[in-house]
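Report on the following structure.
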Amino acid sequence: MTQQDQATRRVPQAPIHGPEGFEGMRRAGRLTAEGLDVLMEATQPGVTTEALDKLAYEFAMDHGAYPASLLYRGYPKSICTSINHVVCHGIPNDKPLREGDIVNLDMCLILDGWHGDSSRMAFVGEVPRKAARLCEITYEALMRGVAAVKPGGSTNDIGRAIQTYAEGERCSVVRDFCGHGLGRSYHDAPTILHYVEASYDVSLRPGQFFTIEPMINLGRPAVKVLSDGWTAVTRDRSLSAQFEHTVAVTETGVEIFTVSPKGLHQPANPGA
Ligand code: MF3
Ligand code: CO
């Protein structure tokens, strides 16, 4: 979600979910992860993002689910496909993917009313070394953010883990989009920033559900939204990557709802 959403709405308390919520989120998160596995395997040179979107829609229908992004605030598609310098919210279209592109596939499926939201980077054929490195750094940044989740901690633990690591690798953290609480709604409290913000820090308690979805740039953090009202790109046109998991705070730490059943979390160059 956008930082503006956060600024203009009244922020409710982050809801605490019980066992029924955990069960619902395990099923929704797993289905989204299975859907992303299908999309990862279908991402090849010459394939259009429109074709991937159709695959995602059909996957949802075949499994009794619905894509949360479809008609969400007028968004026209079932997934977001964000290529190279696109930071997020790229709209699938009929342009074929090209060898060397990196593409973020972002999918949120609603199953029995629960939302599983996740995204991954896919490689189109063989990608340049610096693009592969950015994706590795961004995945590691997500997983460090996830590892920082514990009851009694707070949201800035997550932001700190991500920012310290990413900036240490001479990359930058996008400020304009953030992670979000979710459950029966798509976007809920708490807001999850991927950097430290002293003026906003929410305590983490067992039963909170939220996404962590850092966007990391090779260049500067500034983004702009194109005239379609959705597509966000880096202002300096540097490459951008993103990974996203839906997680819960548990009594002892963290549970990831969107683990890939096939272990297809990270893309790899052929032969690497
Ligand atoms: N994971 C993104 C988010 O939570 C996906 C947004 S879908 C869109 O903000 F419909 F808003 F584009
Ligand atoms: Co999200």
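Using N, Cα and C of the backbone, Cβ positions are placed for all residues, glycine too.
Just so you know, TrEMBL annotations never went through curation; they're auto-generated.
Noted in TrEMBL for the protein shown:
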type    : residues                       : note
REGION  : 1-24                           : region 'Disordered'
DOMAIN  : 23-251                         : domain 'Peptidase M24'
BINDING : His89, His187                  : substrate binding site
BINDING : Asp106, Asp117, Glu244         : divalent metal cation 1 binding site
BINDING : Asp117, His180, Glu213, Glu244 : divalent metal cation 2 binding site
Rounded Cα-Cα span from Glu213 (divalent metal cation 2 binding site) to Asp106 (divalent metal cation 1 binding site), Å: 10
Inter-residue Cα distance where the pair is Glu244 (divalent metal cation 1 binding site) and His180 (divalent metal cation 2 binding site), in Å: 11
Distance, Asp117 (divalent metal cation 1 binding site) to His89 (substrate binding site) (CA atoms, angstrom): 13
Nearest of the binding-site residues (Asp117, His187, Glu244) to Glu213 (divalent metal cation 2 binding site), judged by Cα-Cα distance: Glu244
Separation of alpha carbons, His187 (substrate binding site) and Glu244 (divalent metal cation 1 binding site) (Å): 14
Alpha-carbon distance [His187 (substrate binding site); Asp117 (divalent metal cation 1 binding site)] in Å: 10
Binding-site residues whose CB lies under 6 angstroms from ligand 2, from His89, Asp106, His187, Glu213: Glu213
Shell of the divalent metal cation 1 site beyond Asp106, Asp117, Glu244, same chain only (C-beta within 8 angstroms of their C-beta centre): Cys80, Met107, Cys108, Ser118, Ser119, Thr211, Glu213, Gln242, Thr246
Asp117, His180, Glu213, Glu244 excluded, remaining Cβ within 8 Å of their centroid (divalent metal cation 2): Asp106, Cys108, Ser118, Ser119, Gly179, Leu182, Phe210, Thr211, Ile212, His245, Thr246
Cβ neighbour count (within 10 Å, all chains shown) around His89 (substrate binding site): 22
Three-state secondary structure, Glu213 (divalent metal cation 2 binding site) (per DSSP): coil
His180 (divalent metal cation 2 binding site): tally of other CB atoms within 10 A of its CB: 24
C-beta crowding around His187 (substrate binding site), within 10 angstroms: 19
